[in-house]
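Take a look at the structure below.
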Amino acid sequence: MTDPIHIVGAGMAGSEAAWQIARAGLPVVLHEMRPALGTFAHRTGDCAEMVCSNSFRSDDDVMNAVGQLHWEMRAAEGLIMAMADRHKLPAGGALAVDRDAFSASVTAALRAEPLVTIQPGEITDLPREGRWIIATGPLTSPALGAAIQAETGADALAFFDAIAPIVHADTIDMGVAWRQSRYDKGETEDERTAYLNCPMTRDDYEAFIDALLAADKTEFHEGETAGYFDGCLPIEVMAERGRETLRHGPMKPVGLTNAHKPAEKPYAVVQLRRDNALGTLYNIVGFQTKMKYGAQTEVFRMIPGLQNASFARLGGIHRNTFLNSPTLIDDRLRLRARPNLRFAGQVTGVEGYVESAAMGLLAGRMAAAEALGRDLGPPLQTTAMGALVHHITGGAEAKTFQPMNVNFGLFPPVEGRGGRRGRKDRYPAYTERAKADFAAWLAG
Ligand SMILES: Cc1cc2nc3c(=O)[nH]c(=O)nc-3n(C[C@H](O)[C@H](O)[C@H](O)COP(=O)(O)OP(=O)(O)OC[C@H]3O[C@@H](n4cnc5c(N)ncnc54)[C@H](O)[C@@H]3O)c2cc1C
């Protein structure tokens, strides 16, 4: 019998990783600190507890990227999807589950598997020996968080995310927006045109501030405090401090000339910055927010140039422990500096139950392959799983790295179906290609 692979955290990622390792015929020890040591969001001692909503989001594997990810996880015989399917509740096109029955059945399946040992207790250090997968999630215990920070450096581990909304580039109206960096700064043409700018007149600005002040906001969860976002204020809080605050902050109009109307000085400007190497996603600079999702879509579409914007993800501020994966993790999900350690789940900078479980599935398969003397690379970037891994380990901008849901903006364009062609045409092309490439990865 080979030495067991150790996993820290029996959440979405850790549970799936343990299952995949056992399926490969290898022993695995799954360390979980709950229920002896809890978090502010978990309620039970079960594996794969859903801490908030009971939804795995869209189950449409043709028109939706998360539905495609479901498809891939089912194809790879994932435990999380199998148990979600078993405990499915009626929810239209979404995959909603009975949360208690779901977690109980994940726990039972792992307990019934002879190769899996569930070991209660907190792990407080990063082990130097053996193969380990760290899957401790957004609420990693403080002691282990400190150990990870000591290993990776203070700037490489974040304890909360402040996400500005991210927009699909091809939904920005370039008849209104223009490319220019403030004061045309930069050595190269690329740098001088790194930002997209959306101009506002005084009336646009006043209406925007009114909408911000009136919008529905989310309250902080217990255990989260305003202290988490010092120096990183939500835009609605800035607006509450004074109607002009934003115009002197992220929306200042200085150093910019509207390429469409050079003689007209904008009253305020909203800037967007490229968010991935493909150039398919842009984030709205400085627009972290606690507005509710519905309100965000309405308010942000008031910005000239974003009237038809489609959002890859909306903004938010949450308690969340995650690594700066683009600089720290290789595409086998190993810590570059300590390759006996893999990371999986939300701590790698993906966001959501399904994405976290998917990273667990990959980490488990990769660790098992390595223990068996084989090297397993990630699926191609054309698949949902591959697109996510590629994003967190290289595709995303390291300087502005924030957790990411799976979305079609992470997929390389399909030949002849990019640009302004309709989504109805493009999305099925993405998912058809993804299915073929994922099946080939599984077969190889
Ligand atoms: C408040 C909150 C609400 C959320 N709501 C949603 C939502 O509605 N929908 C959605 O898709 N996603 C949501 N998320 C994100 C969600 O947490 C992740 O999507 C998913 O649960 C992460 O999976 P994971 O396996 O990475 O972490 P988790 O599922 O959190 O699992 C990590 C496990 O590691 C354990 N652990 C931590 N530290 C240690 C240690 N040192 N030793 C041993 N065990 C340890 C924890 O107890 C936990 O069981 C939410 C997150 C938070 C914090």
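Along the chain as shown, residues are numbered 1 onward.
Every residue gets a Cβ built from N, Cα and C, even glycine.
As given in TrEMBL:
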type	residues	note
DOMAIN	5-374	domain 'MnmG N-terminal'
BINDING	G9, A10, G11, M12, A13, G14	FAD binding site
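Cβ proximity to the FAD site centre (mean Cβ of G9, A10, G11, M12, A13, G14, cutoff 8 Å) flags the following additional same-chain residues: I7, S15, E16, A17, E32, C47, A48, A135, T136, G137, A344, G345, S356, G360.
Within 10 Å of the Cβ of A13 (FAD binding site) there are 35 other Cβ atoms, across all protein chains. The average pLDDT for the domain 'MnmG N-terminal' (5-374) in the predicted structure is 93.
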